[in-house]
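As recorded in Swiss-Prot:
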type     : residues                                                                       : note
ACT_SITE : Ser63                                                                          : active site, phosphoserine intermediate
BINDING  : Asp13, Ser63, Asp440, His441                                                   : Mn(2+) 2 binding site
BINDING  : His124, Arg154, Asp155, Arg186, Arg192, Arg258, Ala259, Asp260, Arg261, Lys332 : substrate binding site
BINDING  : Asp399, His403, His459                                                         : Mn(2+) 1 binding site
Amino acid sequence: MSHNAPLVLMILDGWGYNENDRYNAIAKANTPQWDEWWQTCPHILLKASGLPVGLPDEQMGNSEVGHMHIGAGRVIQQDFTRINEAINNGKFAKNAVFHEVIDQLKKTEKSLHIMGLLSPGGVHSHEQHLFALLALCNQKKFRSVHLHLFLDGRDTPPQSALDSLKCLNEELVKHPVATINSICGRYYAMDRDKRWERVEPVYNLLTQGKSEHQFPDAETAIHFYYKNKISDEFVPPTLIGKEHSIQDGDAVLFFNFRADRARQLTSTFLDPLFKGFERKTLPKLSYFVSMTQYDKNLITTIAFPPVPLNNTLGEVLSSHGLSQLRIAETEKYAHVTFFFNGGCESVFTNEERIMVPSPQVATYDLQPEMSAPELTKTLIAAINSRDYHVIICNYANADMVGHTGNFEATVQAIECLDQCMHQVWQALKNNGGKLLITADHGNAEEMFSEATNQAHTAHTSEPVPFLYVGGGWHFTHAEGSLIDIAPSLLALLGITPPPEMTGRILLEKNHAHV
């Protein structure tokens, strides 16, 4: 399996396009390779947010949604939209899983512990989903509910938890079924990099009520943390009011709908082979409900089970006998594999995967290059091996460093990426390969919000670039959306896209002049 001129699809995570140079780390960075391509190579802009990627109108894009749409070549109704619709049409309040759990807890006189990200961000969760759960508990006259709230500050402004708490308290006046028993920044509760030292104090708080920090109410705690320059994301695990830890027979409901940052905390309760840290206690739960499927190996009761997708890009390449490589650093590995394959765990025939470890630093502005140099070396070796027809890679820097809100560090990250792109193209050129470059959503092109007068750490709703390097082809449309990438890539390979792919082919071969 060799002598292939490889086609590389490079996904620059969080690299959006913004005409406005102000607060734009991409525009500020010195990017000779990118600038040369932008002036000389075919390129267009793609929509990567809202309705074109199965999200509510004007909702910013995110990595999971972006990669699913790049890989699927069709609009997929996202879990966020599915759950919103279920709330609006009354199906949420009739969900059999919720009713079964509450009925069982009423019988046994045990408690329901609802945990998740209290946020209007719509990336990992939405607070309206929590509010709908409270309304359902009230409708069923079930009042033994304890809330364990994770704070955002990453997909929302860094200090915005008080706004969400105000909305929650208004709901608790209407539906007086629950008490807030703990708060914690997502940095701890929603780690996805096996940094168990972050997750352990969250687990101890949830299962033993143990915390170095205790306050009578959530607002007092947050005011204290803000005074000490600790924003929402980094609030340490904190006990609120009277201790109500998770006991035998209780049920846990995790209302995050996005899987990647829910898996680790879920595994502390459910993984029989768990080795992250020593669990002093392991409650025997009656149920662990997850809003969606977090991992096929974590046996949760799923409120909104997955809808399977057929004929994603990976499957089509495999069925045509082509070899493919997926490569990313830890932070985005799930995105180029699980999410790119439509939320499917299985690996296709002739699909290989390489994960380059992400650096172990507290926040990525401390190492803006992340593991891009190592990733580039590995990618170049794969290109030179000529073992793969298609290589799908992700560079995490623009997104992960952009999330820190540190402008200068994000500029450094972009400059590092430009050098990496240059090196990758030299290897591709030497092997007769082609390069498609795009992004899953915006981030680094807008680093400060004048509206909130805070760093803009969240994703944006800006379009993303779609650039072709390799000659012989041109774009036929002035703009597109992420679902057009897979059909266009297949066209470059001479493969007709399957009927499931409703995205358009945006590239056409140049006609030879007679």
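In case you wondered, yes, glycine gets a Cβ from its N, Cα and C as well.
Predicted, not measured: the structure shown is a model, and the values here were computed from it.
Its Cβ taken as reference, His403 (Mn(2+) 1 binding site) is surrounded by 23 other Cβ atoms within 10 Å in the chains shown. The Cβ neighbour count for Arg192 (substrate binding site), using a 10 Å radius and every protein chain shown, is 17.
All protein chains included, Arg261 (substrate binding site) registers 20 other Cβ atoms within 10 Å of its own Cβ. His459 (Mn(2+) 1 binding site) counts 29 other C-beta atoms within 10 Å of its own C-beta, drawing on all protein chains shown. The Cα of His459 (Mn(2+) 1 binding site) lies closest to that of Asp155, out of the binding-site residues Asp155, Ala259, Arg261.
Using the Cβ center of Asp13, Ser63, Asp440, His441 for Mn(2+) 2, the list of other same-chain residues with Cβ within 8 Å runs, in sequence order, Ile11, Gly14, Ala48, Gly61, Asn62, Gly66, His67, Lys332, His335, Asp399, Ala439, Asn443, His459.
One way to see the shell of the Mn(2+) 1 site is to take the Cβ centroid of Asp399, His403, His459; the remaining same-chain residues with a Cβ within 8 Å of it are Asp13, Gly14, Asn62, Ser63, Arg154, Ala398, Met400, Gly402, His441, Asn443, Ala444, Thr457, Ala458.
Counted over all residue pairs in His124, Arg154, Asp155, Arg186, Arg192, Arg258, Ala259, Asp260, Arg261, Lys332, the record's binders of substrate, the longest Cα to Cα distance measures 18 angstrom.
A separation of roughly 5 Å, to the nearest angstrom, links the Cα atoms of Asp399 (Mn(2+) 1 binding site) and Asp13 (Mn(2+) 2 binding site). Taking the binding-site residues His124, His441 in turn and counting surrounding C-beta atoms within 10 angstroms, the largest count is reached at His441. For His441 (Mn(2+) 2 binding site), the nearest of the recorded positions by C-alpha distance turns out to be Ser63; the candidates were Ser63, His124, Arg192, Ala259. For the binding-site residues Asp399, Asp440, the greatest number of Cβ atoms within 10 Å around a candidate Cβ is found at Asp440.
In the three-state DSSP classification, the residue listed as 'active site, phosphoserine intermediate' falls within a helix.
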